[in-house]
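*Asks:* Starting off with a structure, shown below.
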Amino acid sequence: MNILLFGKTGQVGWELQRALAPLGNLIALDVHSTDYCGDFSNPEGVAETVKKIRPDVIVNAAAHTDVDKAESEPEFAQLLNATSVEAIAKAANEVGAWVIHYSTDYVFPGTGEIPWQGGTDATAPLNVYGETKLSSEKKALQKHCGKHIIFRTSWVYAGKGNNFAKTMLRLAKEREELAVINDQFGRPTGAELLADCTAHAIRVAVDKPEVAGLYHLVAGGTTTWHDYAALVFEEARKAGINLALNKLNAVPTTAYPTPARRPHNSRLNTEKFQQNFALVLPDWQVGVKRMLNELFTTTAI
C-alpha cells in the first residue's frame, strides 16, 4: 500500500508517521518538502503531488489551526483548509485514492449539553475556522471524492510541541493563583490515539469500502478546561514537582475574550466510529496521564 501524508510535522502528523509506517510505503510531506509539493497555499501544487505519486491512501493532517488568527485572515484559512482540500479530493478521485481528513467540533454551534451526532445534527460554525473546516467536508470531500473518511475531533494535544498541560504547568510554577475556564465542555484527545485509530480505519476501509463517510473521533468521558488543569496539577504533585500554585479558580468563558468565539459544548458522539471500526475509545484521562508521565520522566518541567 502506498500512503501519502500531508502535514507530517504537526502534532497529529508526527504521530501518523509512526502509526502509518507499518501499513506500507509512506511518503510524508510538509510545507517545506522539496521532492513534492506539500504546501497547502498552493492548491495546484498539492493536486499535482497526488497525480504524480498516485497513492492508494492520502492522509491529510495539514491545516490552518490558529483559530483566533483565522478571524483576521479568513481568505488564507479558506485556502489552506478548504480550497487545497478540494484540489486534493478531485485529484484523489482521478487516481482512485482514499482520502482521510480531519475536521472539528467547531462545525457545530456549541450549544446544549448532549454530544453532537455526525450526519444528523445541524452544523452552524461559530467562527471562521469552523466555517473553513465545514467547507472542507461538504464542498471538497463529500462532493468530489467518494472514497473518503472524515474524522471530526476536538481538544487535540500531543507530547510533542506546546500544549495546554505544559502551559498550565509553567504558569503553576510561576503563580500562586490561576483562573481557568469552567464552562466549556469537551474531551481531550491525544494525537497518538488519533493516529492509531486512523491506521486501523485505513486497514478496515481497504477491505470494506462501505465504511466511507463522516465520523466523530474523540476520547471518552467529558471535562472542562478547569478540571483538565486540576488533573494536570494533581499528577504533577504526585510526581514530586514543586508548584507555586495554591488556588485554582473556575471562571466563565467571558473572563478571557478571544477574537474567535469558542463553543460551550464540544462533546462528540462516537458510537458510529466505535461500531463500524470495532474499537473502544478510552477515557480522556488515560491519554493525558500517559502524556504527563512521559513529560515528567523525560524533560525538566
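One-based numbering along the chain as shown.
Keep in mind that glycine also has a Cβ here, set from the backbone N, Cα and C atoms.
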*Asks:* Of the candidates Asp30, Asp56, Asp121, which does Swiss-Prot annotate as part of the NADH site that also includes Gly10, Gln11, Val12, Asp39, Phe40, Ala63, His64, Thr65, Tyr129, Lys133?
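*Replies:* My reading of Swiss-Prot gives Asp30 as the candidate in that site.
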*Asks:* Would you identify which residue of Trp98, Trp155 Swiss-Prot lists as part of the dTDP-beta-L-rhamnose site it also attributes to Thr104, Asp105?
*Replies:* Trp155
*Asks:* In angstrom units, rounded to an integer, how far apart are the Cα atoms of Thr65 (NADH binding site) and Tyr129 (NADPH binding site)?
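*Replies:* On Cα coordinates alone, these residues lie 7 Å apart.
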*Asks:* In the same chain, which residues outside the set Thr104, Asp105, Trp155 have their CB within 8 A of the centroid of the CB atoms that define the dTDP-beta-L-rhamnose site?
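*Replies:* Other same-chain residues with Cβ inside the cutoff are Tyr106, Arg152, Thr153, Ser154, Val156, Gly186, Val218, Ser266, Leu268.
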*Asks:* Give me the Cα-Cα distance between Asp39 (NADH binding site) and Tyr129 (NADPH binding site), rounded to a whole Å.
*Replies:* 19
*Asks:* Could you measure between Trp155 (dTDP-beta-L-rhamnose binding site) and Val12 (NADH binding site) for me? Cα positions, answer in whole angstrom.
*Replies:* 12
